[in-house]
Amino acid sequence: MTRILDNDLIGDEGSVERTLRPQYLREYIGQDRVKDQLMIFIEAAKRREESLDHVLLFGPPGLGKTTMAFVIANELGVHLKQTSGPAIEKAGDLVAILNDLEPGDVLFIDEIHRMPMTVEEILYSAMEDFYIDIMIGAGDTSRSVHLELPPFTLIGATTRAGMLSNPLRARFGITGHMEYYQTADLTEIVERTADIFDMTIKHEAAYELARRSRGTPRIANRLLKRVRDYAQIMGDGMITTQITDKALTMLDVDQEGLDYVDQKILRTMIEVYQGGPVGLGTLSVNIAEERDTVEDMYEPYLIQKGFIMRTRTGRVVTEKAYQHLGYPYEKKH
């Protein structure tokens with residue numbers, strides 16, 4: 001069953017996000033630190049009539065990395081060509097993309113950490129000096145061909161910056177850490193989405209929905225659609241705080257934005273491992289989830305909310321988690 005609080009895209013959400021996508025930095029809600037930096041760097045590059053330094057955007061899924069890439073291209077007034085790490089399977093794929101770039105273009109590579117190393121190495125000279133050397137032919141007839149590239153800006157997006165090689169990471173002149181959204185910013189996003197799709201929502205209801213959306217716009221917009229359905233069938237169409245609470249409760253989204261999987265993780269740690277410490281691999285096996293899924297999808301929010309701590313000996317449940325789930329807490333010595 002698809003998880004309502006999944007950070008990744010579900011179904012037709014890609015087309016929905018394109019509809020909601022802001023065009024310029026002034027329209028982009030949240031991520032103020034990244035925006036303020038980019039505003040200066042972009043304006044400086046435009047005044048010098050140069051391409052913008054290469055940009056690395058990293059952070060959990062659903063926080064607007066792809067949207068930010070399109071906004072950067074719009075601010076620069078250039079075209080954006082989009083691909084992803086898994087889609088670039090061999091060197092020839094990347095060469096074809098690079099050879100198709102116009103001066104100043106933005107090349108956006110999502111999930112850049114998933115590029116094969118043989119492909120990644122071609123990027124080094126392309127990013128640093130705007131050229132590539134490729135081998136044509138095989139055996140004794142092979143020869144090296146030098147291709148000059150127009151100045152361009154590479155924007156890489158990743159949820160796992162630690163998996164990037166040092167040589168690739170070092171070639172990004174600008175890095176932007178996309179963080180979980182503050183509730184106030186997320187409330188504004190919910191109200192903007194409701195306005196675009198002609199929904200009627202009370203400000204307090206938008207705040208309640210935002211508060212339980214894990215600091216993630218993608219999740220907030222998904223929940224808004226489900227709450228709208230609930231309001232239409234169980235009410236008069238108006239999205240109120242009461243309707244929002246009832247709808248989210250029906251969807252198993254609790255007051256802290258946790259769903260049944262989050263609670264399963266915490267309950268397992270408390271009931272089976274006495275609150276920890278427990279290793280990530282052991283925990284993953286016990287709850288029947290992939291290790292990477294637990295580490296990338298569930299754990300970051302639980303840590304951010306103060307329900308789990310990482311220690312040298314494993315993961316530990318905090319007193320806050322005990323209290324939230326109604327377990328008695330005894331401090332360990």
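Just so it is clear, glycine is given a Cβ too, placed from its N, Cα and C backbone atoms.
Since this is a predicted model, take the numbers as computed values, not measurements.
Around the Cβ of GLU128 (ATP binding site), 12 further Cβ atoms fall within 10 Å across all displayed protein chains. Feature annotation from Swiss-Prot assigns ATP binding site to LEU20, ARG21, GLY62, LYS65, THR66, THR67, GLU128, ASP129, PHE130, ARG171, TYR181, ARG218.
Annotation source Swiss-Prot lists Mg(2+) binding site at THR66.
The DNA binding site annotation in Swiss-Prot covers ARG291, ARG310, ARG312, ARG315 and is backed by sequence analysis. According to DSSP, ARG291 (DNA binding site) is assigned to a helical segment. Annotation for ARG291 (DNA binding site): spatial neighbours LEU280, GLY281, SER284, criterion Cβ-Cβ under 8 Å with sequence separation of six or more.
The annotation region 'Large ATPase domain (RuvB-L)' is assigned in Swiss-Prot to 1-181 on the grounds of sequence analysis.
In the region 'Small ATPAse domain (RuvB-S)' (182-252), helix, strand and coil residues by DSSP number 51 helix, 2 strand, 18 coil. Annotated region 'Small ATPAse domain (RuvB-S)' per Swiss-Prot: 182-252, in sequence order.
Under the heading region 'Head domain (RuvB-H)', Swiss-Prot lists 255-333. Taking the region 'Head domain (RuvB-H)' (255-333) as a whole, pLDDT averages 90 in the prediction.
Site extent for DNA: among the recorded binding residues ARG291, ARG310, ARG312, ARG315, the largest C-alpha separation is 18 Å. The 10 Å shell around the Cβ of LEU20 (ATP binding site) contains 15 further Cβ atoms across the protein chains shown. Counting only the Cα atoms, the space from ARG310 (DNA binding site) to GLU128 (ATP binding site) is about 37 angstrom.
Distances between the Cα of ARG315 (DNA binding site) and those of the binding-site residues LEU20, GLU128, PHE130 are shortest for LEU20. Highest Cβ count within 10 Å among the binding-site residues PHE130, TYR181: TYR181.
Recorded residues GLU128 (ATP binding site) and ARG312 (DNA binding site) have their alpha carbons 38 Å apart, per Cα-Cα distance.
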